[in-house]
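Below is one structure, written out as structure tokens, with a few remarks after it.
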């Protein structure tokens, strides 16, 4: 596995030899002063001639790659288009960093972060480094034969107006990148490696960053009454775990925390209601919500966020055997509410129900957000580029939506109306675990809502974005690590003091 790229900073006036030289232009193909100086007359003239012959127009996210001419201290010239003046006024620096890293590949490059019509702040440069790091990620540790380019590590030297300021700002971006990479690694791991006990052990390594970690084993879960989660786990040879992570970064240690809760089904066969064979291999990623929570706690602790945040994940494997729970079983959750099992493949909500209730009752959080690859229905509704948001609180919903927009992890709020709640009423128990064919994402959210009292709460259904998502300029990984950037932005803007 890798996020293999080395990034350093130097002044715009620096000079160097070898590798790629990257400059930016708008749709008028004008070069900045720093870019012109770096290219020199031979490079400037070559770019102009090549642009005309190649019909390169400098459109946003376009590139022209040329062998460097004599007199230019580089192996290749990479000219990246930024588009019109309007485009340059709203550059997504994270995407630009990923696009640039993609064009450079496993090579060394000097990137002149200066161009016509824009001035890059230290924050912009930090976002650029975040995108470059995320684009360079690979998960290849199980490949015994690798291509030469897979073995090489890229190195970017960013020429900027304020190297020290950019480097300081980049430390925070580096923390976020590490959190996303951790989440991707967890999602990409095979389930024979990342079983519940091993997952819990890996999470316990967060203590090295100052995170307090508590692991609940089966005996403890039975003692407190986590009957819903334990029912899901009883068909597996692997015992479940609940892991609680506490980051106390606020000046006031007694300030109520924000709680982040993740579904951690490390493999979901469907249980007795077994899934079809096609695509079942993807069900190692049914713990993407928990990975986002772990990655976020890693990011917050790494950058010493001034906030109190609790992360909690329920880690189980949903398997069929003679001890597995069955359709028509009735289980008692930690809240005391009873659940009729209609479909054992609707297991994630049972896991979340007990964890939500435990965190709410024990830690009295100011808000709770759960993340789960919960339903195929949300993929039908929203596709694989946007997550579904359900919430009982307009203010929290608005904050999450804005944070997702700013971070590049978009959400769309979905309705929670009484009809969805009524759909999960049961003849034999307090509720059933599915609400029928229609509105599956909404009835799943309505189920979770029954385990939330008066606390502001949001549910993010990330089934479409958490795994096998659409490739982008900052992600070529099967496991996207989706949610870490959104949650980090949310904490930064609304919970840090």
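Glycine residues also receive a Cβ, built from the backbone N, Cα and C atoms like all the rest.
When 286, 329, 370 are compared with the Mn(2+) 2 site residues 263, 268, 347 in Swiss-Prot, the one appearing in that site is 286. Secondary structure at residue 349 (active site), as computed by DSSP, is helix. Across the binding-site residues listed here (268, 345, 347), the residue whose Cβ sits among the most other Cβ atoms within 10 Å is 347. Report note: the Mn(2+) 1 site is defined by 268, 345, 347, and the residues of the same chain whose CB lies within 8 Å of the CB centroid of those residues, excluding them, are 232, 265, 269, 270, 271, 273, 275, 283, 286, 318, 344, 346, 348. Within 10 Å of the C-beta of residue 263 (Mn(2+) 2 binding site) there are 32 other C-beta atoms, taking all protein chains into account. Here the candidates are the recorded positions 263, 268, 275, and by Cα distance the one nearest residue 349 (active site) turns out to be 263.
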